[in-house]
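K.L.:
Just dropping this structure here.
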Amino acid sequence: MALSLQPQLLLLLSLLPQEVTSAPTGPQSLDAGLSLLKSFVATLDQAPQRSLSQSRFSAFLANISSSFQLGRMGEGPVGEPPPLQPPALRLHDFLVTLRGSPDWEPMLGLLGDVLALLGQEQTPRDFLVHQAGVLGGLVEALLGALVPGGPPAPTRPPCTRDGPSDCVLAADWLPSLMLLLEGTRWQALVQLQPSVDPTNATGLDGREPAPHFLQGLLGLLTPAGELGSEEALWGGLLRTVGAPLYAAFQEGLLRVTHSLQDEVFSIMGQPEPDASGQCQGGNLQQLLLWGMRNNLSWDARALGFLSGSPPPPPALLHCLSRGVPLPRASQPAAHISPRQRRAISVEALCENHSGPEPPYSISNFSIYLLCQHIKPATPRPPPTTPRPPPTTPQPPPTTTQPIPDTTQPPPVTPRPPPTTPQPPPSTAVICQTAVWYAVSWAPGARGWLQACHDQFPDQFLDMICGNLSFSALSGPSRPLVKQLCAGLLPPPTSCPPGLIPVPLTPEIFWGCFLENETLWAERLCVEDSLQAVPPRNQAWVQHVCRGPTLDATDFPPCRVGPCGERCPDGGSFLLMVCANDTLYEALVPFWAWLAGQCRISRGGNDTCFLEGMLGPLLPSLPPLGPSPLCLAPGPFLLGMLSQLPRCQSSVPALAHPTRLHYLLRLLTFLLGPGTGGAETQGMLGQALLLSSLPDNCSFWDAFRPEGRRSVLRTVGEYLQREEPTPPGLDSSLSLGSGMSKMELLSCFSPVLWDLLQREKSVWALRTLVKAYLRMPPEDLQQLVLSAEMEAAQGFLTLMLRSWAKLKVQPSEEQAMGRLTALLLQRYPRLTSQLFIDMSPLIPFLAVPDLMRFPPSLLANDSVLAAIRDHSSGMKPEQKEALAKRLLAPELFGEVPDWPQELLWAALPLLPHLPLESFLQLSPHQIQALEDSWPVADLGPGHARHVLRSLVNQSMEDGEEQVLRLGSLACFLSPEELQSLVPLSDPMGPVEQGLLECAANGTLSPEGRVAYELLGVLRSSGGTVLSPRELRVWAPLFPQLGLRFLQELSETQLRAMLPALQGASVTPAQAVLLFGRLLPKHDLSLEELCSLHPLLPGLSPQTLQAIPKRVLVGACSCLGPELSRLSACQIAALLQTFRVKDGVKNMGAAGAGSAVCIPGQPTTWPDCLLPLLPLKLLQLDAAALLANRRLYRQLPWSEQQAQFLWKKMQVPTNLSLRNLQALGNLAGGMTCEFLQQISSMVDFLDVVHMLYQLPTGVRESLRACIWTELQRRMTMPEPELTTLGPELSELDTKLLLDLPIQLMDRLSNDSIMLVVEMVQGAPEQLLALTPLHQTALAERALKNLAPKETPISKEVLETLGPLVGFLGIESTRRIPLPILLSHLSQLQGFCLGETFATELGWLLLQEPVLGKPELWSQDEIEQAGRLVFTLSAEAISSIPREALGPETLERLLGKHQSWEQSRVGHLCGESQLAHKKAALVAGIVHPAAEGLQEPVPNCADIRGTFPAAWSATQISEMELSDFEDCLSLFAGDPGLGPEELRAAMGKAKQLWGPPRGFRPEQILQLGRLLIGLGERELQELTLVDWGVLSSLGQIDGWSSMQLRAVVSSFLRQSGRHVSHLDFIYLTALGYTVCGLRPEELQHISSWEFSQAALFLGSLHLPCSEEQLEVLAYLLVLPGGFGPVSNWGPEIFTEIGTIAAGIPDLALSALLRGQIQGLTPLAISVIPAPKFAVVFNPIQLSSLTRGQAVAVTPEQLAYLSPEQRRAVAWAQHEGKEIPEQLGRNSAWGLYDWFQASWALALPVSIFGHLL
């Protein structure tokens, strides 16, 4: 049949359970009632194209009429049990329940049409047309009653005859009908034969027997081929009945799922993280439940819950099969024969079971049937008291379920049986029924078997012992069956002593097996017997001998099934034989009983359909013979379902989910795959899965082993899912998803690890590891530490196995190291073998974690081999830590004694030995590794020591020697290169090798060797080189100057562009190249992006040539280069976008200055938003919220974040999730917002969130946080006596930022967390003030080493960067030998002034480096850049011979590299000009008095620095040498005025008078322009903002020079001061101070308020009067308004211009406004003014950064109270000057608080401005 039958099955299944539980209508029992519909449907299905024939319809009516006969049973075969009359329920009773119901009319109409159909007054087609809607509504009502949760409110019209198909029935008569059934004792008795004699009934075609009960359903499942014209009839039925049925079905499934979730959750529970973040791991079922509660869609089909296989009996049906237990005879002694035992009397057996006692069970029915033939005609009433339970204890079930209570409730008197005596049942039938109990769990089985054995031994031998398969023997009755059969079979002596005979008869089989239970192992499963088996059967026999090979861990122990063992995969003896045709045909001739066993599974037709379909579903069904299920299925099912109340009460917690699971699985089995489409199947699968979770056995019965992969796939897809942030402020969904993922990982990782161990899914492992790497460190730590040790170790092993496929990204390496370290903590002992096994993960470990391995680690050759294999991925600090372990004397002795084998094995670690140790290597040791050193990645000091032993300058073939040195040639001096192989060929092998050194950073582009290379290139000419050859010179490109570039063609320049991306092009070169390479028209986005390395060359001309539409889309490629732009270039970009609508010309003719109308809305590119001044940041709250996903990620400045926070008007009750959704915008949070957070927990969560922002926490907010925290902890201020427990939960970043006064209160563990963080990120330490750094270092030392004890080597290594901030006393506790071995580490640390001074003194002590007069080159190599810690006098004492050109260049280069590094830049060491001058004095000055000063060449300048030479020496340089070193002169900030004039004189010789300087030349001269006079400055062409900004960026002009620059620009441009716009004000830079105060007053306040962002970042050399005028511009209407109205963000925006605010306005500033001042603004306030405007309470409100910025000149003007206030702020309240006692200190604090109240009225004067 082409059309789907699934809607019909749903209809039938909805009727079946509903009728069973609600309406067995007397004579029209379930059998008869359903036979009507089933036969009718089967008739429709089998109908041919023509109309139904008269004969077929007559047969159908005969079947129907026989089904509706009241109170009559057909005569059964001779010997069958008599029919038993079920209780009657008349049709009248049913009609009574319909009175008053809205369904009265449609139900009567349905009944009438049914009668008309039966009377042939109506055709089936007409019947469907008239009653389709009523039938569909009836099905929906019955299904709604079946599914828990109640039907939804009807929204469709009521059903009527000929009405619409989409309708509903009220079904208000169902409850009344239920009550009626209960009142009429509706439980049916058992009937053992069909209502119609199958031998007399006629089929629809006149030949086949008529179906009974569900044979109509069998016809549906095996339909005829073609329907022909009746197909339309089926289609109509499907459309009318199926659609509403499926809709109701889906609604019911939804209700089931939702109601089950809470119920299953209450049963199973769910692991949740506790307060400490730890979570006790759940199991697989809890993981699946968690997923369904968190909207994960499990693939139920892949898990096995939609497999379509019949379900095994659940615990509920196991309970149904128990019934009332029977008393059993005591077991005889083992040696007594069964035939000698006393037989159990049937009369005695029936004495205790006079009638079936409800609720019924299979065993009760069987005993009842056995006793019927010996009873009198009128049986006595059954007893009214329950039978006691059996005295013999029952074997407990093997499931993990609780054992049900078998105590029966008081019985209810049933209907008496018929009074007419019936013939006794056939003994064969009765004893065939005993086969049920050979495999039954029912307690009555033992008594039944004994009785059948004693009364009918022949039938017992034939039915049980001869036909029951070996594998079916199971359960508690197995021992009794063995004993009973052993007594009936021939003596065991008939068992042959040798091999098992063929054929194997049942007698021989039972005799042999019962004689010895190990028959299979001892006789069949031996080598000789196996060889005797035919070859085609050997595999099967071997499988039987071995038994099923199941993984016990996959399926927890549950009950056994009818096959005697667990058969989840069909691997049992019986199923394997029946399913294998070859095996079946080979065994049946010898074992005849197999044919009976395999009838059902092999499709035999000698059993009823219902038994074949439902047999596996119900407990203890018989494998042979006719069963009650076939003879009378309706009463049988009613009898079982009548026991539901008792069995539900016995297991109340599992009754509902287990019952639903069974019904749902039965429904799935009957419907078949694909029912209702994918949506319905998914809902059904989820309901099935959910209902199986509480029952361990139901779950594992269905769960497939391959379902583990599906679980991993679903979890992996969920972890990879990125939840979109919903519109609006509430982003709780996406954040909730992140929290759910965290909960999943925290609570179910052990389950996932176990699944991964079994499935080996690399994709799932990679996904899981990625999720771990994204977890916060503290959450990851809690996860790993709360897992079982074995589970964590197994997961680490799994990672190691799949390491090659995990593909960790560079950004994830730190997190991977953290994860690896946590997993290592689960190992009780770290061994060398473990190190070798996990060697791929070693590069990710932090040094402390690496040092947890035993010290003897490196003594293992395999460990050294593992280090060699993975050294390329290891960090330098890791290699340094391991290299230091090589120096342990107990391992390998002293360095000069190390053998060659050790040196080769430890080669990757040798470059990381301390230099003082590496210098101990002898020339013989070095030469032994001659071929290995070039790849060893040596540092400069180590490389020079190796070169001294390897380079032989007397050899003739110097080029070969240099090539053999490889990378070591990078460290050769120019003199050595000149003696070995003079450089001459731009493309020669030596030259190319040196260029590679420059490319990887080993060779400095500013060094002397690089200068030699440049000379080769210049001498040969760049025009002769091809573009490819020219590209290799890109590392030296900045040193080529301008002239060389002008000689190159455009093709050569374009070819070099890709190579310039990693090079630092000078601004002058960028201007030149950008102008040459930028297309004059039709510029595309791709062309602009290709020029992005040249973006610092942006000029007015090039910017004008770039179309605005191209700039709009260029953020992706230009964004990373914006940080290299000057302030003026940024202003020009902003002005380009701002000028788009409403432009007005404010300038003179020909000099049109485009000025945007104030307040004009502008759309900015995303990358420019963080660069906008506040005046241009016109974003309203709606725009912010609409684009929150973008704005939350932008790196807003402090003042921008504060400004936008005010714009958003964030409510005070905003949740943490919504705050997190703001991202970097939350950095603008105000102190008032923090103070209004009531809960301490919420407060700490918000603080943690702020400290996780990449933009950091501004100083004012930080001060607010700690003040508020102390207040909340109810601690006395300013001194805390105790520390609350909340601080132990603070993040490590907060602990690092802890105020000084709280450091002493922290625990040792907290301090160590800070130390570890500082080691990993020293930049965060350098962001602290010097006082804070020293306090932290001293507190860490106090934790590591007791006071006044020497500091050990381990303590120094643990302190890391904190060593540089120790005080004098602590520094002197370092033993000098340990200090000597630690010098290489100190060279990479920032050193505080105190420590550096003390270190310089310690270096001169004898155990360290000794007196400087005795230093050699080795001592200088060891000291490195630490030589600058010496005094200038000590440096001058170093012998000139030790400071040769090569040594001096390397020493200065190392220090320059340090200064240019990120740590060096943040360190900001003091000026070292005098020390550098003392260091190079031996080269710069003549060797003896009276000798002429040397004239430097460019090589000498590169070997030292320009400022080391005097003006006379500079002026005497050769012009070519000066041109080659021009970039060095222009970039040296140490040149004095005389040296600048001398250098500028050389530049004028080179390029002519200043009036001819081109823009790129002016830019290249840089600071040298200060050497020009006022008249020469006026000759410069200063028309556009590009040239003007070149001068505006230079600091150091005199006042006359400033005036000359500004006046020249105004004159040449023809502009008036009032017409200066945003761009030109920014371009003026420092030179803005060249305008007189009266000129400054004419500047547009609107334009200046925008330029204030850039001008305020400069330390302007303006006078106090000029600063006041600039500040006045900002309070005008075009600016920011009155100072009193300014928020902290405006003070931060204007920077140093705030120093010009009048005294009265400054003195009226409030705490928040004062904290908005930048530290630079604090430092530039004139000292007298600073002392006047700020009182002590205002000074005490300074942040720590502001207080540290107070200059000594300002402190000198302060009063004692003011200085104490500054000290208070610097030390954050910890230290009060000693002359102020404790009481005075508190008095000062109280006075501070009171002074604020006095200061508030003063603020009103700010309105005067």
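Cβ coordinates are placed from backbone N, Cα and C, and glycine is handled just like the others.
These came from Swiss-Prot, pasted as-is:
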- 1-22: signal peptide (SIGNAL)
- Asn63: N-linked glycosylation site (CARBOHYD)
- Asn295: N-linked glycosylation site (CARBOHYD)
- Asn364: N-linked glycosylation site (CARBOHYD)
- 376-426: region 'Disordered' (REGION)
- 378-399: compositional bias 'Pro residues' (COMPBIAS)
- 407-426: compositional bias 'Pro residues' (COMPBIAS)
- Asn467: N-linked glycosylation site (CARBOHYD)
- Asn580: N-linked glycosylation site (CARBOHYD)
- Asn605: N-linked glycosylation site (CARBOHYD)
- Asn696: N-linked glycosylation site (CARBOHYD)
- Asn860: N-linked glycosylation site (CARBOHYD)
- Asn952: N-linked glycosylation site (CARBOHYD)
- Asn1000: N-linked glycosylation site (CARBOHYD)
- Asn1213: N-linked glycosylation site (CARBOHYD)
- Asn1308: N-linked glycosylation site (CARBOHYD)
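What does the local environment look like for each feature on the list?
P.N.:
According to DSSP, Asn295 (N-linked glycosylation site) is assigned to coil rather than to any helix or strand.
Note on Asn696 (N-linked glycosylation site): other Cβ atoms within 10 Å of its Cβ, all shown chains, come to 19.
Listed in sequence order, Ser832, Ile836 are the same-chain residues at least 6 apart in sequence whose CB falls under 8 Å from the CB of Asn860 (N-linked glycosylation site).
Counting every protein chain shown, the number of other Cβ atoms lying within 10 Å of the Cβ of Asn952 (N-linked glycosylation site) is 9.
In the three-state DSSP reading, Asn1000 (N-linked glycosylation site) counts as coil. Less than 8 angstroms from the CB of Asn1000 (N-linked glycosylation site) sits no same-chain residue that is six or more residues away.
Reduced to three states, the DSSP call for Asn1213 (N-linked glycosylation site) is coil. Of all Cβ atoms in the shown protein chains, 9 besides its own fall within 10 Å of the Cβ of Asn1213 (N-linked glycosylation site).
The Cβ of Asn1308 (N-linked glycosylation site) has 12 other Cβ atoms within 10 Å, all protein chains considered. In this structure, Asn1308 (N-linked glycosylation site) is part of a helix by DSSP.
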K.L.:
Closest to Asn696 (N-linked glycosylation site): which of the glycosylation sites Asn295, Asn952, Asn1213, Asn1308, going by Cα position?
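P.N.:
Going through Asn295, Asn952, Asn1213, Asn1308 one by one, the closest to Asn696 (N-linked glycosylation site) is Asn295.
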K.L.:
Between Asn952 (N-linked glycosylation site) and Asn295 (N-linked glycosylation site), how far is it from one CA atom to the other, in Å?
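P.N.:
That comes out at 75 Å between the alpha carbons.
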K.L.:
Round to a whole number and give the Cα-to-Cα distance in Å for the pair Asn1213 (N-linked glycosylation site) and Asn295 (N-linked glycosylation site).
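P.N.:
With the alpha carbons as reference points, the distance is 29 Å.
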K.L.:
What is the interatomic distance between the Cα atoms of Asn295 (N-linked glycosylation site) and Asn1308 (N-linked glycosylation site), given in whole Å?
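P.N.:
Distance between the two Cα atoms comes out at 44 Å.
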K.L.:
With every protein chain in view, what's the tally of Cβ atoms within 10 Å of the Cβ of Asn295 (N-linked glycosylation site), excluding that atom itself?
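P.N.:
For Asn295 (N-linked glycosylation site), the count of other Cβ atoms within 10 Å is 9.
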